[in-house]
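Listed in TrEMBL for this protein:
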type     : residues                                                 : note
ACT_SITE : CYS74                                                    : active site, proton donor/acceptor
ACT_SITE : CYS189                                                   : active site, proton donor/acceptor
BINDING  : ASP10, SER11, TYR42, GLY43, ASN75, THR76, THR190, HIS191 : substrate binding site
Amino acid sequence: MRDAPVLMFDSGVGGLTVLREARVLMPGRRFVYVADDKAFPYGNWEEPALKSHILDLFATLLETYRPAVSVIACNTASTLVIDALRERFPGHPFVGTVPAIKPAAERTASGLVSVLATPGTVKRQYTRDLISKWASKCHVRLVGSVALAGLAETYMRDGFVDEAAVRAEIEPCFIEQGERRTDIVVLACTHYPFLANRMRKTAPWPVDWLDPAEAIARRAVSLLPELAEGEGVSGVDQAVFTSGKINYVTRRMMQGFGLAA
Ligand code: DGL
């Protein structure tokens, strides 16, 4: 158990936003980062197909890496499959990532909150339930973006992103109702924090961009406090790409995050 890694899972590079925070809280742990790039983007998949794809993949991942815990650092996957994963692999702890609707509802002053996510996350019953449970007094706008996760992937690899495209994707988040206007945008896709500076730059007015990465990492530690123990990591953190194809640029990027690929 002491040497068992934390498995961090996403469809692409988005989970790295969570890995950054997790490293700070668990400096003595080894991490295995799994990017299911063969199946990217998850946001456009039909629900039944994506569900069985992820369940099958986890059977292999748990067998191969024997992690202490798995962090599903992906809203699109978590809102669909977190309960099914717990059911299928009882005894293995899973930490999910779901839209930060509760903290947004607690924090908003104007009562106008937007949730920016993939088309998959936006249409999930799980997301709708979070709104009725925690944000019934707010006006919550769900904004599904087909392109943003891909733009974040491009930005991380090429260091360049089309700002006009980012602006167009975030635009529907901004609502004015009389004196009131949107004051919080929930970043409900782990890819999006990588574009936060571009979003701030192209936003029609300043808002609070809610990134749940730190809260997710804290949740993992609260579930298994021993994850935060120890100092020296034995072994190297590793990145795994399900496509099996990794080019020079991606390898360098992963090395930049301290991951051998
Ligand atoms: N990073 C994923 C999320 O948090 C989604 C990206 C994708 O569409 O695959 O929702």
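From the backbone N, Cα and C atoms, a Cβ is placed for every residue, glycine too.
Overlay of TrEMBL annotations on the structure.
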residue	record	Cβ neighbours (10 Å)
ASP10	substrate binding site	30
SER11	substrate binding site	30
TYR42	substrate binding site	24
GLY43	substrate binding site	26
CYS74	active site, proton donor/acceptor	32
ASN75	substrate binding site	34
THR76	substrate binding site	31
CYS189	active site, proton donor/acceptor	32
THR190	substrate binding site	32
HIS191	substrate binding site	31
I want to verify one value. Collapsing DSSP to three states, which class is SER11 (substrate binding site)? coil
Give me the largest Cα to Cα distance among ASP10, SER11, TYR42, GLY43, ASN75, THR76, THR190, HIS191, the residues the record lists as binding substrate, in Å as a whole number. 12
Rounded to a whole number, how many Å is the Cα of ASN75 (substrate binding site) away from the Cα of CYS189 (active site, proton donor/acceptor)? 6
Cα-Cα separation of THR190 (substrate binding site) and CYS74 (active site, proton donor/acceptor), in Å? 6
How many Å separate the Cα atoms of CYS74 (active site, proton donor/acceptor) and ASP10 (substrate binding site)? 5
Taking only the CA atoms, the spacing between THR76 (substrate binding site) and CYS189 (active site, proton donor/acceptor), expressed in whole angstrom, is 7
Residues flanking the substrate site, with Cβ no more than 8 Å from the Cβ centroid of ASP10, SER11, TYR42, GLY43, ASN75, THR76, THR190, HIS191 and excluding those residues themselves: GLY12, GLY14, PRO41, CYS74, ALA77, THR118, GLY120, THR121, ALA149, CYS189
